[in-house]
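According to Swiss-Prot, the protein has these features:
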ACT_SITE  Ser172  active site, nucleophile
BINDING   Ala59, Gly60, Leu61, Asp62, Lys63, Thr83, Asn136, Asn169, Lys214, Thr242, Gly265, Gly294, Tyr315, Ser316  FMN binding site
BINDING   Lys63, Asn108, Arg109, Met110, Gly111, Phe112, Asn169, Asn174, Asn243, Thr244  substrate binding site
Amino acid sequence: MYPLARRILFALDAEKAHHFTLDALNTVYKLGLIPVTDNRTKPIKLMGMDLPNPVGLAAGLDKNGEYIDALGALGFGFLEIGTVTRNPQPGNPQPRLFRVPEHQGIINRMGFNNHGIDAMIRNIEKSKYQGVLGINIGKNAVTPIQNAADDYLICLEKAYAHASYITVNISSPNTKNLRALQGGGELGALLEALKNKQAQLAAAHGKYIPLAVKIAPDLDEAQIEDIARVVKSVEMDGIIATNTTIDKSSLGSHPLAGEQGGLSGFPVREKSNRVLKKLAEHIDGALPIIGVGGIMEGGDAAEKIRLGTTAVQVYSGLIYKGPALVKECLKALAR
C-alpha cells in the first residue's frame, strides 16, 4: 500500500507532500481507520520513564504538535515533537526540503519553522495521547547566540508541565551559529542554566521532567569527548545522537549535493553510528543515549542498540518505507 502512495507523494513538492501526508493520516485516524495495535512489545526504562517499546518518532515530523494522536496510533514507544521556539517564526525561504531517492536521503534547511511554544501547548492540551511525549526546543533565528539561553529557558519553563521529557536542540545546521553551542564552555554554561531551571521547576510542579540534549554527527573525537564530559558533569538525563549532517560527500555528483542544509536518511547512517560508538565509550553508562540517524530498516535500529543506545528514533526512514518501518524495527529488536 505505502509503496504506491509513496510514488504519488514523491511526484509532489517535498514540503507539500509532507503536509498532505500528515493531514491524510489525521483524517484516517479521526475516522477510526487506523487499527489499534499493542505497542507494548519490548518495555524499557528511559530517563526514569516507562516506555512500551524503544522505537520513537524523532523531532521534525510534527513541529507544532498538531498530529500527536494520529502519530501515537502508529505503534511508537514515544513521540518527540518540535523543534519549537519561544516565538513563532516562518523558517527559511522555500524551497527548503529536498528528497534524494537515489541515496534514500533527505536534505532540509527548514530553519525551525513553527508556530511558537504557546501554540504547541494549546495543541498538546487538545490531544488525547497518553504516551511518552518529548518536546524539542530551540532558539529563534533573530535571537543573538549570546542570548540563546534566554530562549531555551523560556521554552523549558512553558513546556515543563506538558512534556514527559524535553530535548535541547543545539545541533541543527539551519540556524546560524547554533552548533557553536556544542563547544565545551558554551555547552556547559547553557546546560548548567537549564539544569538549574529544571530543579526550580521540579520543586514548583512536584514532578521531575528529564532533560536531554541533541548533538550533531559532524564532530571529531575530541569534541565528542568534550561533550560527554560536560553532559556527565552537569548530570543531564539523556543525550540524543545524532541530528543531520552538513557533509554531502556521500551524494557524489548528484545535482542536489550542493544544496545548503542538513542531510538525513541512509547517507548519515555511518557518520551517526561513528559518533554514537565513540559517545557510548566516553559516556560509559552515565546516562542513556537515544540513537537516531539513518534507520531505514529494522537491522539499522538493532545496530544502534548494539552500539550502546537505550532507545532509537526514526524519521527519514518513515518517508521512504512508511509506518511499516516501526513494526520492522520492533521485530528486529525482539530477536
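Note that Cβ sites are derived from N, Cα and C of the backbone, with glycine treated the same way.
It should be emphasised that the depicted structure is a prediction, and the values quoted were computed from it without experimental measurement.
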Residues that sit under 8 angstroms from Arg109 (substrate binding site) by C-beta distance, when 6+ apart in the chain: Asn92, Arg96, Leu97, Pro173, Asn174, Glu259, Gln260, Gly261, Gly262
Conformational class of Leu61 (FMN binding site) under the three-state DSSP mapping: coil
Candidates Ala59, Lys63, Ser172, Tyr315 (recorded positions) with Cα within 10 Å of Gly111 (substrate binding site): Ser172
Cβ within 8 Å of the mean position of the Cβ atoms of Lys63, Asn108, Arg109, Met110, Gly111, Phe112, Asn169, Asn174, Asn243, Thr244: remaining residues of the chain near substrate: Gly60, Thr83, Gly91, Ser172, Pro173, Thr175, Gly261, Gly262
Cα distance (Å, whole number) from Asn169 (substrate binding site) to Lys63 (FMN binding site): 13
Cβ-based isolation winner (fewest other Cβ atoms within 10 Å) among the binding-site residues Lys63, Lys214: Lys63
Around the Cβ of Asn243 (substrate binding site), the count of other Cβ atoms that are within 10 Å: 28
Secondary-structure category, per DSSP, in which Tyr315 (FMN binding site) falls: coil
Distance [Cα-Cα, Å, rounded] between Asn136 (FMN binding site) and Asn169 (substrate binding site): 6
Residue with minimal Cβ packing [other Cβ atoms within 10 Å] among the binding-site residues Gly111, Gly265: Gly111
Those binding-site residues, out of Asn243, Gly265, Tyr315, that come within 10 angstroms of the residue listed as 'active site, nucleophile' at the Cα: Asn243
Packing count at Ser172 (active site, nucleophile) (other Cβ atoms within 10 Å of its Cβ): 25
Listed binding-site residues (Ala59, Leu61), ranked by Cβ neighbours within 10 Å, top entry: Ala59
Distance [Cα-Cα, Å, rounded] between Asn243 (substrate binding site) and Ala59 (FMN binding site): 10
Listed binding-site residues Lys214, Gly265, Tyr315, filtered to Cα within 10 Å of Asn169 (substrate binding site): Lys214
